[in-house]
Amino acid sequence: MHHPGSDTSPSSIYTFPKSDASSIPATPQAKLSLKTRIFKFLNKKDNRADQPPDGGVTAWLQVFACFCIFMNNFGLIYTFGVFEVYYEDVMLRSYSPAAISAIGTVQAGLTFLVGILSGPLFDKGFFFPVLVCGSIGLVCSFLALSFCTAYWQVLLCQGLLSGTCTGLLYIPSISQIPLYFSLKRGRAIGIVLSGGSFGGIVYPLIFRSMLTTVGFARATRAIAFVSMGLQIIAIILIKPISIPNRPKKLADPTMFKDFYYVAFLIAAFAGMCGTLIPFFDCGTFFLNKVDLNIDSAFHTLLYINGGNFIGRLVMPAVTDFGVAAEWMLSISSFAMAILGFAWIAIETSAPYSAFLVLYGFFSAAPMSLPPIILPYLCPRPEVFATRLGVVYAIAGIGFLISVPIANAIDGSRSSFLGAQIWTGSTCFFGAVFTVQTCIWLGGRSVVDLWPRVRRGDDQCLDQ
């Protein structure tokens, strides 16, 4: 993706349009008092930059704030596995496994799909209002879930409301990081994304430990209060950057004219069709095929999220040292396909634990690498979140259709063959499309990609 003779460094991609004020000579400023600096930081509108600062206290505080947000969006999605085991065994045992898994499918699917709205809102400068609304709705969804007793209530609270709110938080929180980092972008994004896996470890432990002592309602409320604390921290620390030349429209009509971007969309759709199935089925597979010990079934989610946590930290970080993110995504997709087919032969605890850790590690790639790859498909920051939101919305459609198809193939929880074949096949096709995208991007002419950056054209932006 790096082209000879062109300046393809992240800092060159994310050099913001110069404002008129940038030509005014800087005047020496008196050192501000601590109180003044705190009030200046808390002022969400007082933050302009001509290029990413690539470090500093404010920039790393954004990483911590977005880490907290990711603990709540993907952390709560990855926690659905322990809820699913409880629903199937106790609360919703009269419902089919397919109906119960639909709750988590809706929650995860909406997290991706709502990005098609939250991304453009971020580009328009509405990150902070979206953050506040999404935070309030997310906390309310789990507080309401603690009072639920019927299937439709759980679907409404945990599926629809929670999924919509995590969707509002997802794309803006990851789009915040490239505006603050250039050379250290991979490491910063990796830390942020690892919050999802860390939440996927912490929340199941909270739920499981409290479920046996105080019951479902109080365990769910505890999760709601922890998520509320994390969102309050994020709201206080988030400092949106004011970018000159914000888009005047919520849509970017030029994106579907970009052949390379469309190819990447196809790869995202194909790959996501099977990526999250092991996250949802790990506990129920263990109970049906490996062991009837419910405590061990809860631990399976810790294994896969532990591997995912390491992958989310490592994969984005190594891209800062010259490793091509697009090829790393391709290799990881092939590894997931191999593991998906190998899953068919697993029947004992030790191989299953190894499978979960390895699959969790490689599945970090389709979640963490697109934000690093995408700047090369849209070098102007004004519409980065819009294009990233569309990528994950297309991926969300793939996920929404994948779980019902896999469950329909299986027919019952006594067989997981359909889910296993579906996981391996879809990851393989996603890998093929990703490789093809890499080849196309590698051969893309410098004349096609970079002159518009040097000329300052708005080819990516319809104003």
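Quick reminder: no glycine exception, Cβ is built from N, Cα and C everywhere.
The region 'Disordered' annotation in TrEMBL covers 1-25.
Summarising the annotation, TrEMBL assigns transmembrane segment to 57-78 (among others).
Long-range neighbours of the transmembrane segment (98-119) within the same chain, counting only residues 6 or more positions beyond its ends whose Cβ lies under 8 Å from a Cβ of the stretch, are 73-74, 76-77, 80-81, 83-84, 87-88, 92, 130, 134, 151, 154-155, 158-160, 162-164, 166-172, 175, 250, 272, 276, 280-281, 385-390, 392-393, 395-397, 399-400, 403-404, 407-408. Marked as transmembrane segment by TrEMBL: 98-119 (among others).
For 126-154 (among others), the entry in TrEMBL reads transmembrane segment. Residues 44, 69, 72-73, 76, 87, 91-92, 95, 99, 103, 118, 161-162, 164-169, 172-173, 176, 216-218, 220-221, 223-224, 227-228, 231-232, 234-235, 238, 240 of the same chain, all 6+ positions outside the transmembrane segment (126-154), place their C-beta atoms under 8 angstroms from a C-beta of that stretch.
The transmembrane segment feature in TrEMBL is assigned to 160-181 (among others). Within the chain carrying the transmembrane segment (160-181), a Cβ under 8 angstroms from the stretch's Cβ atoms is held by residues 10, 14, 49, 52-55, 58-59, 62-63, 66, 69-70, 72-74, 76-77, 106-115, 117-119, 121-122, 127, 130-131, 133-135, 137-138, 140-142, 144-145, 187-189, 192-193, 234, 238, 240-241, 243, 371, 375, 381, 384-385, 388-389, 392, all 6 or more beyond its ends.
Positions annotated as transmembrane segment by TrEMBL: 188-207 (among others).
For 219-238 (among others), the entry in TrEMBL reads transmembrane segment.
According to TrEMBL, the feature transmembrane segment maps to 259-277 (among others).
Here TrEMBL flags 327-346 (among others) as transmembrane segment.
Per TrEMBL, the feature transmembrane segment maps to 352-377 (among others). Among residues of the same chain six or more beyond the transmembrane segment (352-377), those with a C-beta under 8 A of the stretch's C-beta atoms are 1, 8, 10, 13-14, 74, 174-175, 177-178, 185-186, 189-190, 193, 196-197, 258, 260-261, 264, 268, 271-272, 275-276, 278-279, 282, 285-286, 290, 300, 303-312, 314-316, 319, 325-326, 328-329, 332-333, 335-336, 339-340, 342-343, 346, 384, 387-388, 391-392, 395, 430, 441, 449.
TrEMBL lists 389-409 (among others) with the feature transmembrane segment.
Within the chain, the transmembrane segment (421-442) has long-range Cβ neighbours (under 8 A, six or more residues past its boundaries) at 1, 259-260, 263-264, 266-268, 270-275, 277-278, 324, 326-327, 329-330, 333-334, 336-341, 343-344, 366, 376-377, 398, 402, 405-406, 409. The transmembrane segment feature in TrEMBL is assigned to 421-442 (among others).
Under 8 Å from some Cβ of the transmembrane segment (389-409) lie the Cβ atoms of residues 97-98, 101-102, 104-106, 108-120, 170-171, 255, 264-265, 268-277, 280, 366, 370, 374, 417-419, 421-423, 426, all in the same chain and six or more residues away from its ends. Packing against the transmembrane segment (57-78) from elsewhere in the chain are residues 41, 47, 104, 107-108, 111, 131, 138, 142, 162, 166, 169-170, 173-174, 176-177, 180-181, 188, 191-200, 202-203, 223, 227, 230-231, 233-234, 236-239, 279, 301, 305, 308, 367: each is 6 or more residues past its ends and has a CB under 8 Å from a CB in it. Residues 271, 274-275, 278, 289, 315, 318-319, 352, 355, 358-359, 362-366, 369-370, 373, 416-417, 420-421, 423-425, 427-428, 430-431, 434-435, 438 of the same chain, all 6+ positions outside the transmembrane segment (327-346), place their C-beta atoms under 8 angstroms from a C-beta of that stretch.
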